[in-house]
Amino acid sequence: MGDLNPAETPEPKKNPVAKIASNLYSTQIVKPVPSVSNSTNLSPCQNPNMTNLFYITLLQNKLNKYTQQLLKKNEEGLNDPLANVEQFNIIQFLQNDVDFNLPIEAFEQGNMDQNIRIDPILQRQQMANQPMLMPQHMLQQLHQQQIYEQQLASMPMTPAITDLTRHGSSSSPSTTNSDPPYSPEGLNNFGLGTQRPNHGVIPNDISNVPQHINRQFNPRMGPNTSPNPPSFPQFLNSNHPTPGSYVQSISPDSNGQGFAQSNLYNALNVSSDESINGSDDIPNRKRPRMDQNMDPSFIMHAPVSGKLGAEVTEEGGQPNIRFFKYQEEQWCPMYDANGEELGRLQVHVLADKGFNYSTNDNCFVNQKKNHFQVTVKIEAIDPSPPQCFKINGVCKPIENFQLSFVGAKSESQNSEIPIRQSTTERKPILHTPVLFKIVERRMTIVTVPRLHFSETTLNNQRKNLRPNPDQKYFNLVVRLYATATDGTTVLMQAFASERVIVRATNPGSFEPPEMVDASWNKNGGILSTNGPVVIGKSEPRAQLTVDGDIYSSGRVMYPSDIRLKDNITEKGAKDALENLQKLRIVDYFYKPEVASKWGLTEDQRKRTGVIAQELAAVLPDAVKDLGDYLTVNESRVFYETVLATQELCRLTGDLDQKIDDKVAEISQRLTQYAQKKKMLNSMASGLNSEGRSLNASRTSLDSSASALTLTNTKKNRRSSRKDKKDAPKSKMTHGTVIGLVGVMAFCLLAMSALYILDWHNRNFGYHHFTPSATTSGPKEGPGNVVIPLDHYVPLRQPDAPPLVPFCPMETCRGYCCMEYDKDHAELEITEYDPNTATDNDFGFKADTRSDFTLKGFGNNVKISLPELGMQIDERYCIEKSCVKKRKVYSLFIPMTRYLPNVPLEVQIDVPSSKVVNNCGYIQEFDNRKCDETGSSSTETDAPRSIQLFDNTFQVSAGQWTQSAYRFRVGYSTELCSIDDTHFGGFYEEYNLIFYRACNRTNSTAINVV
């Protein structure tokens, strides 16, 4: 059989009935099933002759008309695909099965492909029960002939009628006279990039179905568990939203949006007269294009390259306009019949046509006269559909759902633009909402064609072929409403499109292709433009706007020539240092939603910088509002840092100069002080208070003169013995002695004068005494330098009023003066008389001198004792203890014995921009506690300075005979850690020295320690 020539084969076309019969007896694949009326009377045990007669009679009646039609056709007509009865399933045709519509590709396949599979056990049972109509050798011969004839097929059948080019649309419907384009041989295996196994024929075995078909819609799909799957298995079970269950039909333009109609299942249309062609006329070689609805169950999923959803692009790479949620705060939730709140509907809005993206305008453009079409896909994911909604707590049943379209101005969302819809005669009418239904777990697709904007946007006129800066925009708003039975309508969901320009001119003619990039000039490899350039955003904020990071291997250069500048003034650096101290440098992370929008990685989220709002309070000109967010001019902050650095350098230079001057001055003063001290020590050794030093000096002088005379006499005698010519030398010796005596007399006068001055200073000037007996040698007064705070306290302050100057009662107790009373027990105690207290030399004079004027500290700093109602000012300064140039103020505050040993409250008022630093007690000062032994304080027992409130402190001065406390005022809270040598710089220092003045003025005072 394999060596037969096709020319030598029998002529099967002359006897089609014989071929059909041979096919019937040779295949024996499917057992013929009798009609319902005869199925009850037949059984395998009946007479085989009766069975054969039944099948022959049925075959003769069914093929009578069909045989006549085939015999009428000429030889050329047998080439029609419908005339190829080689693979005609006569058993199914005899059964009058409604599902006999086999795919066309089935006629191209032989039985060797085994597209129809039967279980081997069931096949053997059918063969055992089926009567033998022909001998076995005849069946084998017919089967071999059938295989040979199948090998003769060399040309494919006419392809299926499917518009894969998407030329059909709602605006240009296909006609019956148009012919499909020529299809090559492999067209049957082409389906938008989707591979079709088994040459497009779906086998009965459900397990061979590709997995991508099962993922056609949602994962809510189960396998087909039917025990007897039909010839065309249902890929989706009953509870799955199959395309066949869609309420609305799919628009022809929806092809290519993720679904493609399969060209595998074009059924044979049987006419009323049971003929295959439905007409006695001979059909044409080319079948006409038919506008017939495809069975939705045959829609196959065709993967589309690229992104889906809002970023799906149209054919040719044009992006589709995107829709976003709109007025979400006005959405009304839906409820089921039980009053349970349902989830939001899954809505996808797609503009099928009418919107063209303009790269020059950076937005979508719509031509007002050309309509646009919108497809809305709605799916309820809940098991129950929406039944009602609530208004003011009242549940109202839903009667219907409506889909409405309206335009809105981008700059004013409250201004709405009506949408019109053209009729089939292209007559525009006002658009009315479209009614639709929502079925649980089903997808509803609503396509609304022929829509128009009733107005055009403003400022559409171009300026020099560039976008108008005053261009206005529209937004297309899609709203889903729910209407109750009483007429109440609420907004379910709403979506707004991107901004759109609506023009009265066709966008294609408005922007010629050669003029789209007219603003860009290309000169060799250089591309230039005079307009702004935007990367990653839609609106320019500057000449170059970049939404993201900029990587540059070089530097960013900009001109700074003096020829380009005018009104050049030097900026002062006075406030730069203070502004820099107010800046706060922080580490921060961008919010996750911002990082996702800007495309930042986790490492790029962390930044170091300043906060724009905080910087605006310090440097307003460094912050700009360019639209959505505040931006920082970092160069302005940089130059402010340069100014602050210059100010620091200037302050450092001034401090260095002052330090050098002061060191030289102190060195000179120390030299003079050392010379005076040496002279005073030598003079004080020969002076006393009774004037005996003068007699001793005279005696010493006489003794010296006598000794000198005796010596000279002896020398004269020796010299006279040696040489009598030496007599004139004695005269020179007498002159020398007289000169020495004169010098000694002058020295005595000078010493007397110095003694008188020293006595005057000890009795009429401010001096210090040394209460500690352990100190080696007496320490002198301060001189012209700042007083060293060790243990000096003034003996008398006539201008400084003491704390509690007199006893307010007849009998008062004395505090912390036991040691003083022991040392001055022999002194006379006078009665206190308020009338004569001012004339008493031993009392405290609260009045100031006539030449004393209260000036304050000059820095708006006020120190007071609120409990005693006293003001501490310059009256408590002694000689050189308050130096304004150095900003050091040492205030000596006397306390009488009548002040109890209780803590004192000190209040220091400073300007709001400054801070008071509590530095505690002065360690180098000789702090002496009130006790019977009078010993100095230990490390564990020291004066205390505690802050009670802002600028209010409590010191333990009442419990100490003498104690010192230090406070510093400045712009920082770390002033106490600065070295003491940095005077006159960033802070002011106030030293409060409290000491007991124990000279009593009242005999009735009782000493209490």
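Note: Cβ is positioned from N, Cα and C throughout, glycine not excepted.
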Task: Swiss-Prot annotation, N-linked glycosylation site - which of Asn49, Asn269, Asn999 - done: Asn999
Open item on the list: For the feature N-linked glycosylation site in Swiss-Prot, which residue out of Asn567, Asn1002 does the record point to?
Closed with: Asn1002
- [ ] Report the DSSP secondary-structure composition of the domain 'Peptidase S74' (560-659) as helix, strand and coil residue counts.
- [x] 57 helix, 14 strand, 29 coil
TODO: Give the number of CB atoms, excluding that of Asn999 (N-linked glycosylation site) itself, located within 10 Å of its CB.
DONE: 17
